Amino acid sequence: ATVGKVIKCKAAVAWEANKPLVIEEIEVDVPHANEIRIKIIATGVCHTDLYHLFEGKHKDGFPVVLGHEGAGIVESVGPGVTEFQPGEKVIPLFISQCGECRFCQSPKTNQCVKGWANESPDVMSPKETRFTCKGRKVLQFLGTSTFSQYTVVNQIAVAKIDPSAPLDTVCLLGCGVSTGFGAAVNTAKVEPGSTCAVFGLGAVGLAAVMGCHSAGAKRIIAVDLNPDKFEKAKVFGATDFVNPNDHSEPISQVLSKMTNGGVDFSLECVGNVGVMRNALESCLKGWGVSVLVGWTDLHDVATRPIQLIAGRTWKGSMFGGFKGKDGVPKMVKAYLDKKVKLDEFITHRMPLESVNDAIDLMKHGKCIRTVLSLE
């Protein structure tokens, strides 16, 4: 009944930075050429949503509907869409996979150039957004906007998933869990029998721990200032736990002493340039690999050149190195086959109306993942 019509639905709108989100009725346009309109069933709340709201530089990125870790059902498709049918289960992707650009054609990267990100760093341009509220254009965040009952996404930024997948759980594969798991498996390429350190035990860090464990690491050192996170890290395979506040010497020295000179692989899952440096310097010279996973663009990152000259490698990872259309369905299948944990990340469930409570929980480190229901 909704096909071909503008849909009025509920969404959480961020009218300006540093203010609570407001539940509004918005209008969601029909999908244009090559676009898909998706009924969002559930969405996680990710730290990157908070980053845009509270810390990001992009003050012109408002009003906006945040959310980029969602799952839903195809409601309708625009002209030229052949890959998707109404009723199919999908996960919208904040990194597209057009399949045609030189990045998509290379196995080395997932950095597709066809997506929204070439217009601006974090929101769709006003001409691309399909949302309006109270007569104003409302921007779409990371090309997705899952804090809305309906959203419109280009078909190159949608992954089709197993019809048996529970949407209120696999939504986490739209960002956090895939990001951390893939950083270990795809980017760091953690080796069996290796020693790893993971800095920051939010959902991304815990997923990185799970990735290290899945890759066969024999020792996984979990590092966090909040010791409450250590029990959870154990569930995902961590073997050792370090709280930097318990030590007077730098954390890199603590880890170096624990591991006979340094770890083989480290993953920074915080988004703090000081921690990034510590993660690199915790690696063993000669072959240690450190991966930046946590997101920030507010400061420069630095280290002494000898750290790299001595054979360490510094890498970055976005969305776990997964090409979305290929990787997300595989991760969903891995979950259904019980090879990847998801339920253990979910500490809270609430309706969309409680989105500000979910944001507060994350801001104060009181949750791993909160899943919002949009039904």
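Cβ coordinates are placed from backbone N, Cα and C, and glycine is handled just like the others.
As written in Swiss-Prot, here are the features:
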BINDING   Cys46, His68, Cys175  Zn(2+) 1 binding site
BINDING   Cys98, Cys101, Cys104, Cys112  Zn(2+) 2 binding site
BINDING   Gly200, Leu201, Gly202, Ala203, Val204, Gly205, Asp224, Lys229, Val293, Gly294, Trp295, Arg369  NAD(+) binding site
MOD_RES   Ala1  N-acetylalanine
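Note: the CA-CA distance between Cys101 (Zn(2+) 2 binding site) and Val293 (NAD(+) binding site) rounds to 24 Å. Taking all protein chains in view, 26 other C-beta atoms sit within 10 angstroms of the C-beta of Gly202 (NAD(+) binding site). Each of the binding-site residues Cys98, Cys112, Cys175 was scored by other CB atoms within 10 A of its CB, and the lowest score goes to Cys98. Cys46 (Zn(2+) 1 binding site) sits 9 Å from Val204 (NAD(+) binding site), taking the C-alpha atoms as the reference points. Gly202 (NAD(+) binding site) sits 13 Å from Cys175 (Zn(2+) 1 binding site), taking the C-alpha atoms as the reference points. Shown in sequence order, Val223, Asp224, Glu268, Cys269, Val270, Gly271, Val275, Gly294 are the residues of the chain, 6+ apart in sequence, with a C-beta less than 8 angstroms from the C-beta of Gly200 (NAD(+) binding site).
Around the Cβ of Val204 (NAD(+) binding site), the same chain contributes His47, Gly176, Val177, Thr179, Gly180, Ala183, Cys269, Val293, Gly294, each under 8 angstroms and 6 or more positions distant in sequence.
Rounded to a whole number, the distance between the Cα atoms of Cys175 (Zn(2+) 1 binding site) and Cys98 (Zn(2+) 2 binding site) is 19 Å. By a simple count of nearby Cβ atoms, those within 10 Å, the most crowded of the binding-site residues Cys46, Cys101, Cys104, Val293 is Val293. Residue with the densest Cβ environment among the recorded positions Ala1, His68, Trp295: His68, by other Cβ atoms within 10 Å. Around the Cβ of Asp224 (NAD(+) binding site), 25 further Cβ atoms fall within 10 Å across all displayed protein chains. Counting only the Cα atoms, the space from Cys104 (Zn(2+) 2 binding site) to His68 (Zn(2+) 1 binding site) is about 21 angstrom. When every Cα pair among Gly200, Leu201, Gly202, Ala203, Val204, Gly205, Asp224, Lys229, Val293, Gly294, Trp295, Arg369 is compared, the largest distance found for this NAD(+) site is 20 Å.
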